[in-house]
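Copied over from TrEMBL:
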| type | residues | note |
| --- | --- | --- |
| BINDING | A:245, A:250, A:253, A:261 | [2Fe-2S] cluster binding site |
| DOMAIN | A:12-109 | domain 'FAD-binding FR-type' |
């Protein structure tokens, strides 16, 4: 019989946080800097998410796009794609929002020490990976090569132009970008993100690959990585589901026997490889 | 004497009449609010607060809504908020003693599963507050065409979780004292209540619905039927209404929605029962649906009952109440699905041997 006398948790009450900065990134994406009450640190891991809420508009899981190495304020990149996120786009500096979390399994950068890291970022998948990218750049000496591949549908959807400029200029970062459809001014690579993979020269045994992108992307990226003979054990991916409660109860994010909000969103690839509903 | 009879014979028991059972309800009502099965319409039953003990139905097949409604209400306000000033308050969940009377063993077993779900990982205060001081008086029942709890390892006379248990006999009931709490509840109930020393013998009960395999073997069957054609067979009949989820005594998935009052200032964040059989359940932002077909959703529902949580909790999360079968508008039966999966599995094994 359960011991009901043990302490319990009030799971659904958010903390009221403040938006301290809003930056328009694209037509449909904005970056928000958030301050928790008392400027308390969120204490998140790269790859974790929070449940963001606006009273009257509900809650939605949003990945944290800033690194925990960068002080107590944190950042969320939000695409306007539903009730909550549309409303969030109307908020400005000083507005208040509800935050629960951080939730889920994030990346463990400590386990990647001494390794080369290849980031494969598709579309808004760059946001959760930026948290890990910034982390590795802030502890640059702990890691080997840092290789960032970024693909978007078209040049107008490119996120974080400032950061990208920095990555492009740094000698200790290898950065490549491609777009599915070029605009007239676009001078760079054209094609889906997998076109950037075959040309890479990698020390496959010593390379950790992290993959985040739209659902359709995973299958193809994983095929390309297989072509490069990257062992499955070196691959980590983050899966997007509708995590409604964030605490392993509501059932919405369940993939076969795993709850994304608890065991994910970041998964070691061998854990989800055989799960039909995962990828 | 079988193991179950042996167990039952260790409890102190009294022989009481049906009239005495009504008196017991009246007695319990003085201690705490009593909830028990009542008639609801012509052929349905529902757990309600007892006003008159004579309203309580002692022998009934099952209530439509499971007992989970008292611990995980179909609609529950999690927060009341004020949009203008961004404040909220959490409604207090009362931690009160409630007596649930005339409860079947599969229903008690379902609460053990829900206890697991709401205490694993995060211990949810809302559920535990409601559950903490609940007292249960069980009752035996005659299985109908949909019950199959015996097939999932739950006897009609299983007393686990109950404080008192009523076992029907020819003249009335045996009243069994299961726990100390149960014993105390009987203080002042009846003068001259003398323990009955006669050895209990159980009538073998006939379950009309059965699963072909012993319940211990079911999780391993599910290791082999993920790609079975059986899922398609039932998906062709299923209409995806989600009744099986909502009436399931161990389903606990929910949705959370904000609702705003007409003053556009006040509102509430409310949770509702939800179901994985409903089309939008596994949809993500952008519209991608990871269980877009009924076959996949049916499979997911069954795996949640027999495999996924079972691997961790070591309990089947189907308790054989038969609600999903009984209330399915197109007559899909849980035992039919499981038996078809077993047959499919056996056939596959045969083919592999050849």
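Just so you know, the numbers here start at 1 and follow the chain as drawn.
Cβ coordinates are placed from backbone N, Cα and C, and glycine is handled just like the others.
Note that TrEMBL annotation is computational and uncurated.
Sequence features, as recorded in TrEMBL, placed on the structure.
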{"residue": "A:245", "record": "[2Fe-2S] cluster binding site", "DSSP (3 states)": "coil"}
{"residue": "A:250", "record": "[2Fe-2S] cluster binding site", "DSSP (3 states)": "coil"}
{"residue": "A:261", "record": "[2Fe-2S] cluster binding site", "DSSP (3 states)": "helix"}
Exercise. Sequence gap of 6 or more, C-beta under 8 Å: which same-chain residues meet both conditions with respect to residue A:245 ([2Fe-2S] cluster binding site)?
Worked result: A:11, A:12, A:51, A:252, A:261
For this session: Among the binding-site residues listed here (A:250, A:253, A:261), identify the one with the smallest other-Cβ count within 10 Å.
Result: A:250
Problem set entry | Non-site residues, in chain order, whose CB comes within 8 A of the mean position of the CB atoms of A:245, A:250, A:253, A:261 at [2Fe-2S] cluster | A:242, A:243, A:244, A:246, A:247, A:248, A:249, A:251, A:252, A:259, A:260
